[in-house]
Amino acid sequence: MELPIAPIGRIIKNAGAERVSDDAREALAKALEEKGETIATEAVKLAKHAGRKTVKASDVELAVKRL
């Protein structure tokens, strides 16, 4: 999965950067994808533990807190 690069650039600019290189966009996108997959994996475990097949927002929120 690849996150769209334009929103990644906006995230960096919203953090205060005036200009953002393509390499910086790609590096942040990769980091976010890796972290997102880790969070999603934990959220799936939480849903399964609760006896559900559906991952809820509360599973994701708890996964973020636990990691």
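From the backbone N, Cα and C atoms, a Cβ is placed for every residue, glycine too.
Record note: among 13-16, 49-52, 53-56, 53-56 is the stretch given as region 'Interaction with DNA' by Swiss-Prot. A helical conformation is recorded for Lys13 (site 'Interaction with DNA') in the three-state DSSP classification. Listed in sequence order, Val20 are the same-chain residues six or more apart from Lys13 (site 'Interaction with DNA') with CB atoms under 8 A from its CB.
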